[in-house]
Every structure is written in structure tokens, then in C-alpha cells.
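J.: The substrate binding site annotation in Swiss-Prot covers 12, 47, 48, 225. Annotated ATP binding site per Swiss-Prot: 114, 151, 184, 211, 212, 213, 214, in sequence order, evidence recorded as sequence analysis.
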């Protein structure tokens with residue numbers, strides 16, 4: 001029997017709706033990966049509603065929980081760590097210590113950092129200390145880095161002006177340590193407005209992918225969290241980088257189609273679960289000569 005991969009997902013959680021682990025854990029489990037959620041914040045709902053209740057996890061709890069998993073002999077079974085939204089830079093450093101601990105017992109374990117800072121259309125949503133931590137410390141530790149356009153621009157200290165510029169900027173991030181950079185959402189000047197564009201860059205190659213941009217009265221939250229989670233899960237299941245890239249684009253599009261059909265502000269993950277596992281659409285990533 002083929003072994004089920006395990007990953008530790010360290011990011012935000014909402015009680016109602018889907019963001020952070022609430023957007024990523026179920027889809028990862030649905031496609032065959034055992035996700036262990038460790039929630040950096042627990043809020044009633046995502047913050048785009050304008051009001052919420054809840055609290056940030058004390059940073060000391062992260063190593064304590066990792067230690068608890070170690071004490072029952074399970075830490076060595078962890079194949080990857082995923083980190084997303086951080087409530088503080090101190091939380092981030094606790095996560096990196098956890099990554100180091102896991103890699104000490106499983107050197108093959110991967111670390112995917114989703115450097116959540118904000119959205120190209122909404123601006124930065126995290127304190128400066130978190131941005132600085134992501135730029136200066138997290139990127140150097142990550143095996144897989146998954147910024148959006150705002151975050152790519154922040155890492156490189158300037159705004160991208162073209163697709164080629166985005167490729168060069170992503171490639172420059174590889175020099176900090178990651179094996180691969182997945183840009184979840186491109187928003188460079190002159191792009192086709194009717195498409196949603198993504199980029200995958202390794203040291204040897206770069207791939208560009210387009211899917212139709214679906215219209216919503218209010219854009220659903222959690223799409224980036226879903227994207228990062230599915231990409232990492234597919235890699236753990238044995239996909240190549242580009243196979244995971246194409247699967248992720250298709251599965252996320254299926255969720256958005258279901259969400260649009262339901263006229264919902266929240267991602268319709270439960271209704272779309274079979275479409276996540278077996279996407280009916282397919283998008284082919286184009287190898288770029290750049």
C-alpha cells in the first residue's frame with residue numbers, strides 16, 4: 001500500500017468560512033494528503049468582512065505543539081511544512097525553528113512559505129515587522145516560495161513592468177535559497193484583463209499559465225491559501241513541479257466555478273470536493289523561452 005504523505009500546515013484559521021487552514025486543509029486531505037493544522041490565529045471569520053473576533057496564537061505555543069508531536073514519535077513522519085498568514089514576526093521565527101526541527105529528523109522534508117503580506121488590489125495587510133521577517137528570514141529557509149504580485153514586488157523592492165520582468169524577479173529569489181517560486185497571481189502592466197495568470201520558475205525553466213478570470217461581486221478570500229496547499233500536496237503525491245502547477249490551476253478554477261454558480265462570497269469547497277480531486281478542466285502551462 002502506498003504511504004500517505006503528511007504535512008504540518010501552520011497558518012490562520014477561521015471558524016466561519018474559508019481562509020488560511022480553513023481553505024487549505026480539507027482540499028489537501030481530499031486529494032490524499034494527511035494535513036496537520038496548526039492555527040496561528042483563530043478568528044470568527046476572515047478580516048475582509050470588516051469585523052471579527054478571536055485571537056493570535058502565542059508564539060511559544062508553536063514549538064510546544066511541535067514538541068508534543070515529537071514526544072509521541074510522529075515528527076519524523078512529517079514530509080513538509082506549509083506556513084501562511086503570520087500574526088507576528090515572533091510567530092514566524094517559531095515556525096522556522098519548527099522547520100529546522102522537522103528537517104533534522106526528516107532531511108527530505110520540504111518547507112513551503114506562502115509569504116502573506118496582502119493583495120495587489122487591497123494592499124499590505126500585515127505589520128512591517130512581519131513583512132521584514134518574510135523578506136529577510138523566511139525566504140532564505142523556504143524550499144518553495146509562493147508570493148503573489150504584491151509580495152513578489154516587495155521581495156524585489158520594485159514593481160514588475162512585464163511578464164519577462166516577473167520571470168527575472170522570481171529567478172532572483174531563487175538565489176536566496178528556494179528551489180522553486182510559484183507566483184500565484186500575476187498583475188503586471190499590459191496583461192490581458194480577461195485572464196488570471198500564474199508563473200512557475202525554477203533554476204532551469206519558467207512556465208506561464210492562464211485561466212479565465214471569473215467575475216464576482218466580491219472576490220472570495222482564501223484562493224491563495226487553497227493554491228499553495230494544493231500545489232504542495234500534489235508535489236508530495238509525486239507530481240513534478242509543472243504537473244502540480246497545472247493540477248492546482250485546474251482544481252482552483254473548479255472551486256471558483258462552483259462558488260460563482262452558488263453566488264457565494266465564501267469558497268464552496270464542500271460542494272466542489274469531487275471537482276478538486278478530479279478536475280474536469282485542464283490548463284496547460286507554457287514553457288517560456290526566458
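Using the three backbone atoms N, Cα and C, a Cβ is placed for every residue, glycine included.
How about a rundown of where these features are and what they're close to?
T.: Taking a C-beta cut-off of under 8 Å and a sequence gap of six or more, residue 225 (substrate binding site) has these contacts in its own chain: 11, 19, 20, 21, 23, 24, 84, 85, 114.
A helical conformation is recorded for residue 151 (ATP binding site) in the three-state DSSP classification.
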J.: Around the Cβ of residue 213 (ATP binding site), how many other Cβ atoms lie within 10 Å? Please give the count over every shown protein chain.
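T.: For residue 213 (ATP binding site), the count of other Cβ atoms within 10 Å is 13.
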